[in-house]
Amino acid sequence: MDAASHGAIDRRQPLLVHQISVLLLTFSAYAAFHASRKPPSIVKSVLGSETPSAGAGGGGWPPFDGPSGTRRLGELDLAFLSSYSAGMYLAGHVADRVDLRRFLAFGMLASGVSTAAFGAAYWWGVHSLGFFLAVQVSSGIVQSIGWPCVIAVVGNWFGNSPRRGLIMGVWNSNTSVGNILGSIIASSVVEFGWGWSFLLPGLLVAAVGVLVWVFLVSDPRDLGFETTSKEVEMNEPGVETTESSDLGNGEESGLLGSEQTDEVDSTTTAIGFLEAWRLPGVAPFAFCLFFSKLVAYTFLYWLPFYIRNTDVAGKHASHKTAGILSTIFDVGGVLGGVSAGFMSDRLNARASTCIFFLFFSIPTLIAYRSYGSMSMQLNISLMFLSGYFVNGPYSLITTAVSAELGTQEMIQGNSRALATVTAIIDATGSVGAALGPLLTGYISTRGWNNVFLMLICSTAFAMTFLIRLAKAEVSSKMS
C-alpha cells in the first residue's frame, strides 16, 4: 500500500500530527476490542445460577443454570481464550506479511459480527452449548488479529523511542478503558435483556473498524516519511534531532521518492517463528506473561460474578452494580500500566520493574480476599490496588517490552519481526489467560479462597522467570 491509497489523509502534515492520529486510532481500536470481550463476564451471573451451589431451579439461562453452570461458563472462557491464543500465533505471522490496516479492520468487523451473534441467542431462544462454544471459538480467532496489528503499527511509528515505556504505558490503558467502557455498556442494558449486552459492544467494535479502514496509516513510509532502521521518534515541538531532521517534519522535507521506499521494502524480510523464539528475552517474558495474564484475565472474566456472589458489609450487589463496581479494578490498571512504563523508563530496567509490581500484588490479593467484605470503601480501595499491581507488569510486557524485543539490535531493526515477536509473547500469555478463567469455574465451587490461592501462586511463578534478567539489570547498574 502506498501513499496514494490514503487519499483522505493529508500526506504533507507534520510527522507529529500523524503520530498522534495513529495513537488515537490504535487506542480506540483495541479499546473497542476489549469492550466487546467484556459482556461474558457481566452476564455470567444472569446466565448462570445465582450461586455456585444453587439447584437446577435457581434461575439462569440453560445450559448455564444449575450446579454445573459455573463449569460451563468456564468452558466458554476456555473456548474463546484457547482459540484466541492459537489464533495469535498465526495472526502475528500473517500480520508481518499483509497490509496491517486492512487486516486490522477485517478483524474488527468480524469481531463485531461474532459478538452480536452471541447476543442474538437471547432473541432466538438458543440453549445449545455447541452454539455458544462455536461462537466463542470464532470470536477468539478474529479477536486475535487485533493485538499484533496495533502493536506493530505503533512500533512502526515510534521505533526505539527513549520514552517508549511511558508512551506505551499510557497507550496501553486502552485495555482498561475498553474494559471499563464494555462493563458500563453491558451493565447498563442487561436489565432489558442480556442480548443487548452483546449487541451494543459488537456494533461499537464494528464502527471503529470502519474508521480504521478509512483513516489508519500503518507505516510512516506509506506517507513518504523516511525511517532509519524503523526508528521513528516523537520529539518535543521545536526540538530538532538528527533523526527528526532525517524524517523531515516540514512540508517540503521528509518526503521520499517511491524508488527509495520500494528499495527499503524489498530488502526487509519477515523473521521466522523459531528464530523469534530464540531472540534474547523473548522466552522469559513470554512465560512470565503466561502467569501474569492468568491472574489478570481471571479478574477480567470473573470479578463481576465474584462481587455479585460475595456479600460486602452483609449485602449482595445487583447485577448492574457488580458490573459497574468491577471497573474499579480497571481504573487501578490504567494507573498501574502508566506507572510501570514510567518507572521502567527511569530505571531502564524492564524485568526489575515487573518483579516489583508482581511482588506487591501478592499481599494486595491476600488483603482483598481477607478484608474486602468488611465495607464497601475498603472493598473499592483494595480492588483498585489489586488492579494497579496486577495490570502493571501485564501492561509493560505486552507493550514496551514486546516492541523492544521485536526491534532489538540482534535483528538490526527489522520491523517485520515486530508483529511475530509480539504475537509469540501475547499468545503465550493468552494460554495462561485461557487456563485461569477455566480453572476458576471449577475451583470456585469449592470456595473462593482456593481461587485466590491459585492467583497468588501464579504471581509467584511469574516472578521466577524474570529473576535472571533482573539480576543482570542490577549488575549492569552497579558496574
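Cβ atoms here come from the backbone N, Cα and C positions, even for glycine.
These features come from TrEMBL:
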{"type": "DOMAIN", "residues": "14-474", "note": "domain 'Major facilitator superfamily (MFS) profile'"}
{"type": "TRANSMEM", "residues": "15-33", "note": "transmembrane segment"}
{"type": "TRANSMEM", "residues": "103-125", "note": "transmembrane segment"}
{"type": "TRANSMEM", "residues": "131-158", "note": "transmembrane segment"}
{"type": "TRANSMEM", "residues": "196-216", "note": "transmembrane segment"}
{"type": "REGION", "residues": "229-259", "note": "region 'Disordered'"}
{"type": "COMPBIAS", "residues": "244-259", "note": "compositional bias 'Low complexity'"}
{"type": "TRANSMEM", "residues": "282-303", "note": "transmembrane segment"}
{"type": "TRANSMEM", "residues": "323-342", "note": "transmembrane segment"}
{"type": "TRANSMEM", "residues": "354-371", "note": "transmembrane segment"}
{"type": "TRANSMEM", "residues": "383-405", "note": "transmembrane segment"}
{"type": "TRANSMEM", "residues": "417-439", "note": "transmembrane segment"}
{"type": "TRANSMEM", "residues": "451-470", "note": "transmembrane segment"}
Averaged pLDDT, computed only over the residues in the domain 'Major facilitator superfamily (MFS) profile' (14-474): 83
By Cβ distance under 8 Å, which residues at least 6 away from the ends of the transmembrane segment (131-158) in the same chain are close to it? 18-19, 22-23, 26, 29-30, 33, 36-37, 75-77, 79-88, 90-92, 95-96, 100, 103-104, 106-108, 110-111, 114-115, 117-118, 121, 164, 167-168, 171, 216, 218-220, 230, 232-234, 398-399, 402-403, 406-407, 415, 418-420, 422-423, 426-427, 430
Would you confirm whether the transmembrane segment (417-439) and the transmembrane segment (282-303) meet the contact rule of 3 or more C-beta pairs below 8 angstroms, pairs 6 or more apart in sequence? yes
